[in-house]
Structure formats: structure tokens, C-alpha cells
């Protein structure tokens, strides 16, 4: 490199530029050493702008420099205004400031390099993700005890346990019948009533299981020390608020894709249409959709139990007096729940936030059912409503 080029190189590198984004590895306000435009990074061993980088690359790749000819004896001043007026002087300046021709790759090498960069980037992303997953905190000893208590409470109050598929019976037009292998996927459907009317026969079948289902939710709550320590008035409000949500969750996790049914209270398998016609209307769609969604989560008993505890201890139920206390209880369960999810190491992306969204879905189901309940009271004979059902869902 000539002495004059060395001086130019030093002068260009010392110049500053106002504003403009540059990579973090460059000094602030760096200029292109060729034309003085905004520099975007190190390109072919020099700090240059995108324009000069592209010009230099094209010149080398297509061997264009022999075709360049200066009209002014090779003495053109190259800046961001004049850089496109003389290709020969611009290329000479690129060489003078130190841009390396041997670093310009042909198409095949450039594609291979790009592929390698993408592969390395993806590998680092996977390693970072794996490191993040494995480094997340798992339950403490106290949290394990909390998880044990809530899991046992759920299993002790969850009808038929893990044997619900063997124990279930299908709702039919003539009542409830035993489930047989050939019944799967072909359970008879009660004829849909006209308009928005409730199918009284289906509703009467549902009322037979509603009281034990509600009782099991109450029993679940009573087995949690945090809940039992709350004032009785708050316990009642929490139970009335969460009952439909927990029953819906328990039905949703017993969704069977083969027969496209939910199993209520661990014993009655119903189709979407039967649940809708039996009084729940559009609420049935929300419960079935939740069941379909949860089937990909592969929740275990502890996760279902913790989800129920989080729903039970919702501090925003109207009329509560111990709001802060209930909020703290829910936060303890949420933290233990998150740590347990870390321990389980699910392969579903963003598993924890996606699962928390199901709480929102269940709250919506509860709100929709409250509205639907008023319609059911109009459509169905009062004597068909079990006393506990009315006690829980009437305001």
C-alpha cells in the first residue's frame, strides 16, 4: 500500500459521522473508509458502507475491474456523492484502503458459508434453549410437600381415577348403557330438540351425576389446609365461583378423541351434541374445545390437581374478605406449579404460559355457564334441579 493510501486510510478512519445504526463491535459514528457514507460494519477487512461492500463484491465476482476506465487520469475524488461517477477510481480506493479480494466468495462458496452460519446459529439456539430448560428451578422440599397434598386431594376425589375409560357408560336415547369396545366412536346421540330448547331427558340424566360431582369438588377443597384456614364465608364464595370451572376441567381432561366424547364425573360419556342439548348450549362447545386442546398437553394427576388449586384460590371472586391472603395462597401454588412444570420438562413449546391460558378459558366457561343457568331454569322443571345444584349456582 502506498504512503498516500496510508494517509488517506488514517484520515478516513478518524472521521466521524452523525447518527445512524452501526454494529456494537464498531466505535460510534464510524464512516465508510471508501466514500465517507454511513458504515455498517467490517466488510472484506475494512469498515465500509453497504454500497461500497456490494460494489467491491460484484467487481471481484464478475471480474469487472479490467472494464473500468477513468476519464480523468485516475485522479477522481471518491465520496458518497461522486462514488458512482468513476468505477475505476472507486475500485482503486477500495484496494488502497485495504479491502481484501481473497475474502470475496463465489456463489457456491457464499451459499455454503451462509448454510454453515445458519446451521451454527440453529445449533446455538438449541443449546441455549436446552440450557434454559435444564437450568430452570425445580420444586423445593416445601413445594414438593404442597404438590403431594394437592395431588392426593385430587386423586381421592376424582371419580374412577385413571380407570375412567373402563368404567364409563355412554348416554343414549334410552338412558345410560355399558360401554363396549364396539361402542367407541358410535355412541347413540339424543335427538336434538328444536331451536334452543333443552332436551329434558338428557338434562335429567345429567342431574343424576351433578350432585356427586359438586360434592367431590367441595371435598377436594376441604383437603387443602390453605383453603380450610380461610373464613367460612370466603370458602363458600370460592366454591360457588370455581365449581363449574373445576368440573369442566375434570371433564375436559377426560376427552377421548376416538369416540369424540367427554366423560362426566368419571362415569357418563357424552358427545358434544348431547352435552349441548342437555342444557349447556354453547358452553358445551367451550368445554369440548378445551378437552381437545388439553389432550396434547399430556397432563399428569399433579398438574391437573395444581390447576384446580389455582382456579379454586382466585382472589378476584366478588364478595371475598381475605383477598390478600387468598392471593398469597394462589401465588404459592402458582410458583410450585411452575417449578413442577420445569421438573416435568414437557416438549411442548412455551408449555407453562400456554397452560396458564387454560385458566382464562375455564374462567370464561364459568361465566358463560352462569348466564346459561338462567336459561336452564326457564326451560327445565324446577323439580329436576338437585338442591345442591341450585345452592351452588344460584346467586
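Placed from the backbone N, Cα and C atoms, the Cβ positions cover glycine too.
Since this is a predicted model, take the numbers as computed values, not measurements.
Taking the DNA-binding region (29-106) as a whole, pLDDT averages 93 in the prediction. Per Swiss-Prot, the feature DNA-binding region maps to 29-106.
What Swiss-Prot lists as Zn(2+) 1 binding site is 32, 35, 49, 52. Look at residue 35 (Zn(2+) 1 binding site): DSSP puts it in coil. Its own atom aside, the Cβ of residue 35 (Zn(2+) 1 binding site) has 24 Cβ atoms within 10 angstroms in the protein chains shown.
DSSP gives residue 76 (Zn(2+) 2 binding site) a coil state; it is part of no helix or strand. Within the same chain, residues at least 6 positions away in sequence whose Cβ sits under 8 Å from that of residue 76 (Zn(2+) 2 binding site) are 70, 82, 85, 86, 89, 90. Per Swiss-Prot, Zn(2+) 2 binding site is recorded for 70, 76, 86, 89.
Reduced to three states, the DSSP call for residue 216 (3,3',5-triiodo-L-thyronine binding site) is helix. Feature annotation from Swiss-Prot assigns 3,3',5-triiodo-L-thyronine binding site to 216, 265.
Every protein chain considered, the tally of other Cβ atoms within 10 Å of the Cβ of residue 369 (3,3',5-triiodo-L-thyronine 1 binding site) stands at 22. Reduced to three states, the DSSP call for residue 369 (3,3',5-triiodo-L-thyronine 1 binding site) is helix. Annotation comment: Swiss-Prot describes 369 as 3,3',5-triiodo-L-thyronine 1 binding site, evidence class similarity to another entry.
The domain 'NR LBD' feature in Swiss-Prot is assigned to 142-395; the stated evidence is sequence analysis.
The region 'Modulating' feature in Swiss-Prot is assigned to 1-31.
Marked as zinc finger by Swiss-Prot on the basis of sequence analysis: 32-52 (among others).
Per Swiss-Prot, the feature zinc finger maps to 70-89 (among others). Among residues of the same chain six or more beyond the zinc finger (70-89), those with a C-beta under 8 A of the stretch's C-beta atoms are 32, 34-37, 49, 51-52, 55, 59, 64.
The most densely surrounded of the binding-site residues 32, 52 is 52 (count of other Cβ atoms within 10 A of its Cβ).
Taking the mean position of the Cβ atoms of 32, 35, 49, 52 as the Zn(2+) 1 site, the remaining residues of that chain whose Cβ falls within 8 Å of it are 31, 33, 34, 36, 37, 38, 39, 48, 50, 51, 53, 80, 83. Close to the recorded Zn(2+) 2 site, the chain also has 71, 72, 74, 75, 78, 85, 87, 88, 90, 92: residues not among 70, 76, 86, 89 whose Cβ is within 8 Å of the site's Cβ mean position.
Remark: residue 216 (3,3',5-triiodo-L-thyronine binding site) has 157, 158, 159, 265 as non-local neighbours, by Cβ distance under 8 Å and separation of at least 6 in sequence. A distance of 67 Å separates the Cα atom of residue 52 (Zn(2+) 1 binding site) from that of residue 369 (3,3',5-triiodo-L-thyronine 1 binding site).
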